[in-house]
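Read through the structure below, which is laid out as structure tokens, and then see the notes.
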Amino acid sequence: MKFVDEATILVVAGDGGNGCVSFRREKYIPKGGPDGGDGGDGGDVWLEADENLNTLIDYRFEKSFRAERGQNGQSRDCTGKRGKDVTVKVPVGTRVIDQGTGETMGDMTKHGQRLMVAKGGWHGLGNTRFKSSVNRTPRQKTMGTPGDKRDLQLELMLLADVGMLGMPNAGKSTFIRAVSAAKPKVADYPFTTLVPSLGVVRMDNEKSFVVADIPGLIEGAAEGAGLGIRFLKHLERCRVLLHLIDIDPIDGSDPVENARIIIGELEKYSEKLASKPRWLVFNKIDLMDKAEAEAKAKAIAEALGWEEKFYLISAASQQGVKELCWDVMTFIIENPIVQAEEEQKPEKVEFMWDDYHRQQLEEAEAEAEDDEDWDDDWDEDDEEGVEFIYKR
């Protein structure tokens with residue numbers, strides 16, 4: 001299936017149902033009281049994270065999701081049916097952004113996590129709600145409010161423990177093939193990898209970690225050159241970055257300059273990403289003898305000002321790969337994910353209908369004070385309609 005990590009969708013919540021104006025009519029009861037029911041609330045739109053999905057390709061074709069409208073109230077104090085909710089399933093790791101405000105509404109990082117993205121409209125009130133000691137036959141009702149409407153930008157960010165960095169043809173895909181069951185395409189030309197891929201590295205029956213391979217970076221990637229800039233976001237959730245350096249590039253380029261380009265592109269893209277733990281890994285040491293490889297790696301590290309440990313491996317022959325993987329596993333165990341305590345935001349804001357509609361009446365009263373000719377009555381024959389507003 002084609003990998004798609006960005007999509008734009010429109011979500012529209014259902015409108016609230018209108019209240020009903022009705023009066024009780026039964027035999028021998030010629031003047032029954034009001035019995036108009038309230039409308040139903042509009043349906044909400046939810047996003048739900050699903051670990052069985054790994055792409056947003058479905059939302060390249062289906063772009064609009066609308067919840068059901070609440071039904072109108074009916075006579076005999078019958079409340080309208082609430083509109084049905086709509087649930088949109090997205091892959092785990094999806095970030096949700098409101099295009100209108102640029103606000104990040106949430107990150108879907110756990111299977112089954114739900115996020116409300118459009119709130120349904122509030123129900124309107126039937127005339128029963130307006131009955132009082134001074135207005136026995138109210139003919140007022142309120143209309144349901146419109147539901148939320150939003151354009152959402154969905155961005156899929158892979159959830160991996162380890163991210164692979166490097167120039168094209170540095171051996172990233174060969175490495176992930178060597179340590180996991182993932183089989184990304186490997187060839188002797190640049191940009192063989194066109195989309196990110198994940199591999200699970202199993203050290204034993206109980207220990208494992210996930211590694212992400214993204215297309216190689218080139219100079220100017222932060223400004224849009226090459227393919228890597230589109231996929232750098234997939235490294236934002238990694239705990240450690242493995243910077244693979246081709247110790248003896250076949251094109252004759254300088255490994256030191258190649259490494260500096262990668263570091264520079266990281267810093268241009270995001271300070272947060274550039275500050276992540278990064279390990280230096282020299283690949284393709286099978287192309288020379290051990291002493292020469294060690295001397296060359298040491299010289300490159302010194303030129304980069306690298307004072308920490310570095311690794312010498314050959315992904316093709318798997319020299320040094322096992323040691324590197326165990327060190328990564330140890331680092332992951334010793335540095336568990338620290339989840340920042342997010343502000344406790346209620347998934348659903350609760351409003352009492354009387355608070356909401358009381359505000360409407362207060363606004364109506366304020367307008368009436370400014371305009372003597374203003375009349376809030378929906379029925380011109382109801383002379384007591386306005387009296388309710390002033391004597392509620």
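Quick reminder: no glycine exception, Cβ is built from N, Cα and C everywhere.
Listed in Swiss-Prot:
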BINDING   166-173, 191-195, 213-216, 283-286, 314-316  GTP binding site
BINDING   Ser173, Thr193  Mg(2+) binding site
COMPBIAS  129-143  compositional bias 'Polar residues'
COMPBIAS  362-386  compositional bias 'Acidic residues'
DOMAIN    1-159  domain 'Obg'
DOMAIN    160-333  domain 'OBG-type G'
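Across the compositional bias 'Polar residues' (129-143), DSSP helix (H, G, I), strand (E, B) and coil residues number 2 helix, 0 strand, 13 coil. Cα of Pro215 (GTP binding site) to Cα of Ser173 (Mg(2+) binding site): a distance of 9 Å. Distance from the CA of Ser173 (Mg(2+) binding site) to the CA of Ser314 (GTP binding site) is 12 Å. When other Cβ atoms within 10 Å of the Cβ of Ser173 (Mg(2+) binding site) are tallied across all protein chains shown, the result is 24.
The distance from the Cα of Ser173 (Mg(2+) binding site) to the Cα of Gly166 (GTP binding site) comes to 11 Å. Scoring each of the binding-site residues (Lys172, Lys284) by how many neighbouring Cβ atoms lie within 10 Å, the top position goes to Lys172.
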